[in-house]
Amino acid sequence: MEADAPEDQLLLFAKRGSCAHIRRLLRSRVDDRDASVDINCTSRCPPSAGWTALHMACYFGHRDVVDELLKAGADVNLQNNMGDTALHKAAYTGRKEIVLLLLRYDACANIINGTAQIPKDVTEDDEIITMLEAAERRETRRREEMLLEAAREGDVSTLSKLSVHGVSVYLPVKCSFNGARLQAGADVNLQNNMGDTALHKAAYTGRKEIVLLLLRYDACANIINGTAQIPKDVTEDDEIITMLEAAERRETRRREEMLLEAAREGDVSTLSKLLSGKEAPNIHCRDSVGNTPLHCAAYRGQKLCVMKLLKSGAGPSVKNNNDQTPLDLVCSDELKRTIAAYQDKDVNSGVQKIEGPLWKSSRFLGWRSHWVMIEDGTLSWYPRQSDALAGVRKQGCTSLTQAYCMVKPWDHCFFMLRCFDGTVHSFKVPSKMDSVATRKKWLDAFEAHSSYSTRHCPQEQMINDDDGDVAVGNMTQAVQVASTCQKKLESEVSTFLSMVKNEENLALAAPLLLKAKETSELSSVTCAALHQCLELLSKQEEVWSLKLEQEVEKNKALTEALQTLATEHHQLKNSLSKSRRSSTLRTLTEDDFYDAESDSESELSVSGFLSVASHSCEEDEGRDTPLLSSLRHPSALRGPTGMSGECHHGNQPAQNNGVKKHRTSLPSPMFSRNDVSIWSILKKCIGMELSKIAMPVVFNEPLSFLQRLTEYMEHTYLIHQANATTDSVERMKCVAAFAVSAVASQWERTGKPFNPLLGETFELIRDDLGFRWVSEQVSHHPPVSAFHAEGFKADFVFHGSIYPKLKFWGKTIEAEPKGIITLELPKYNEAYTWTNPTCCVHNIIVGQLWIEQYGNVEVINHKTGERCSMTFKPCGLFGKELHKVEGYILDKSKKKLCAIYGKWTESLYTVDCTTFDAHKKSDRKNSDDKKGSKRGSVDEEPEEMPPPDAETVQVIPGSELLWKITPRPENSAKFYAFSSFAMQLNEQEKSMEGVVPLTDSRVRPDIRAMENGDIDLASAEKKRLEEKQRMARKNRTKSTEEWKTRNAALGPRWFQQGPNPHNKCPDWLYLKGYWDRNYTQLPDIY
């Protein structure tokens, strides 16, 4: 049936091949403009919807019609509804003449249809494929030359047009940089200076067709550029992401199939190449029946492949779908013995080795890709997998004992590992579609290996192994393999020799040659195993030799340094006795460094709060080598040496007008430390690590570190003042003063507080100050103390956890504070957080001790955005800046609102910013004018430090006093330089019996004995408690369910670890329930 419309007639004639009718129809189109025919019209019939007349003619093979249509101007590259061009149809039907004709009329051979195919993909005719490939190369080069010319001439219009038509902008960039033309077969995975491949660029610009084309030419979807991104990370197009993820999975599976095939065929070369490549396949990948590469090599009897896979970490205990291990599939007795040796090791370890690529963050280099390995409870990381296989270039190594992981719910790739010593390692899994599953696999592995390491590794071995020590397990494994190979070799050689001696086999050369080949192969394997043993032994010897040499040098340097320091100290004392010179600096001693285990050779992990205080490890205390930690100091010399009859103390507190009176002195004054010779103690410690030397009781003060923490609350009135004002800036002033006032408790305190035992608690209720306090020692490795205080009227909540890091610099000890301090004011729904300044004790070995605080402290109001930024200034050359504190209160836009200044040992003031800046400018000018007159030698000693109760802060006119230190009582020097508040902390009343828990610091016998003046009993009790805690820690390493059930009281009772609710930093938060007085299942620590 003929159609009436000219377009329908054109389509029908093209389908039938009626060339004469088409000529007539096209001629009438020229003669009669009103009856013009659209030569590119499309069919509306469902079978051929969207087809043009050219599509019809090409599909049905009417060459003459195609020629007429092309001459008449038909669009040769028009696509139908399925994305096919006329060239697709001609190629599909195998019309070679029509394909040539279309190509002569510039038909594009690179157009992709709806099924992601170009014309050459739809045909099986080799000649047509050859023609189309030649056309592709010609077209590609033509467009590239056009793009290069447009780039040279600055023709933006042509550049845009070419980009729209699918020409990758990356290609001309590459050509221009290299100065050479792209040839056929260009490297599709070549990277530019930024690490980007063509696939990165195509994905970034959203060119789906180009992405498909590049993937068809084996473009790698896993190449990482200079910003640590793979192609799918640079695009937001969901379709492109889906394509790239599919390509990743296809490439991964292809490599796994290559690995399985190499294992079956015994292709050791391909196997090694795959396992050592950047994109190494999973060594435990499986085929359709669940066989791993080790299974495949085992049942095929491929001995060399089995050895390679086992050395590369293949698990001999992994089972296939039929519940069979590789050992179950082996027929050869030799291979059975080899796999059995590895399987015994695998079973004994109890945990599965895991390794793979992970991103790891470092402080200076940021995120970098590493090959991470977890084996036998030890974490190691290398630059590449090949380095891990060879055991070289290890970047780091740490034990997973008591380690745990933390994740961010909103980031499915990120997780952090916190080790027993407080160090944190941040990791990211490669950003793939299964990032959640991959991260879960790693988290499960970390948990399993941490549990295994905690059960089997002694606490003394929990140190970082950054020196590349050879694991004993690796050595044992290598020796077992070598022994097995040696036995097999002896057996084979014996059999071979017997065959040679047998005269019957002389005529049979073939069996002898075959046996010789097998013996030769086995010899090679044995040699390789023995060679590995020799390498491991050599590395182990080198490491231990280096360590021994380092220790000898350290010992020698320490001996010489101590001798020199002792000589200088003796000369200094003689000089001081002859001439009374002005004191260098008033000694603010605070000898509270702890005998804790060190993180490294220069850093000791301690726990202190506003002082250089720490919690010592029980193993390192109570030894026979004491260390004089507190050197002689004027304030300590003033202390009496015997009992004082003037001490007023009693068990019953006095009452005055119904107000409870606390004690004003201790039962016994402190003992003199003058009789102890510094050098006589230090010379006994030569060669010992500083953190391993125990502290004698005589240098302690009768307070636990938990009680020392409580001194933060001495100036609670500042919190009440903050609650009483409605101005947020005024509240910030009070809170800043409260933060500074806590540091003042260290002034002239030379005694070291007792280290809290794990599970030790302390409570304090002060009706007169309006608060109650509870604290607990929540962790031992690292030592962490947590506290929580609240007002009686629920007007404030004050909490935090303390864990400073202490660094020993030879003559000084520097404590870097760790832990967040939080103050909450519910009345205003405000929360303030800050950290403490760095504390430094000078002349820790020889000389006069003195202490200073320095660093920045920023108090943040998380509701208003206001903050108080204060600087604790270091001493300087002549001590002018000693103890000074200066800063500003800023609004959320960082505009200065007022200034704060003073000294943390005396007082704190606030003044207008303009006045403060003008005063500083004037003071700086006066200092410059006096420089010439005060210029002296570097050895000139600074001015004498002022007495405790002298006003040395230069008050600026118009200033307002925020805080002033409470004067120490007159008898303070007799009682460890305690303030009145500190005197009352260990006070024990009869009414407390049966109320406070048995873990309270007041019940601790060594502290009580020292307070009563019985030093011998205090020392004996201290050693007993240390031994008891050592035994308790050994029991904690057990993990049986029965033992855990019987010891449910272990672990923190009143606090739990979690993020701080205001800044999300790690913290220990109060669980509530302490004041219910339900003290069942408490640990027996005393």
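Using N, Cα and C of the backbone, Cβ positions are placed for all residues, glycine too.
Because TrEMBL annotations are produced automatically, they should be read as predictions rather than curated entries.
Taking TrEMBL as the reference, the stretch among 268-295, 464-491, 548-575, 604-631 described by the feature coiled coil is residues 548-575. For the repeat 'ANK' (49-81), DSSP puts the residue distribution at 17 helix, 1 strand, 15 coil.
Sorting each residue of the repeat 'ANK' (82-114) by its DSSP state yields 16 helix, 0 strand, 17 coil. Each residue of the domain 'PH' (351-451) gets a DSSP state, and the totals for helix, strand and coil are 23 helix, 46 strand, 32 coil. Residues of the repeat 'ANK' (289-321) grouped by DSSP class, helix first, strand second and coil last, total 16 helix, 0 strand, 17 coil.
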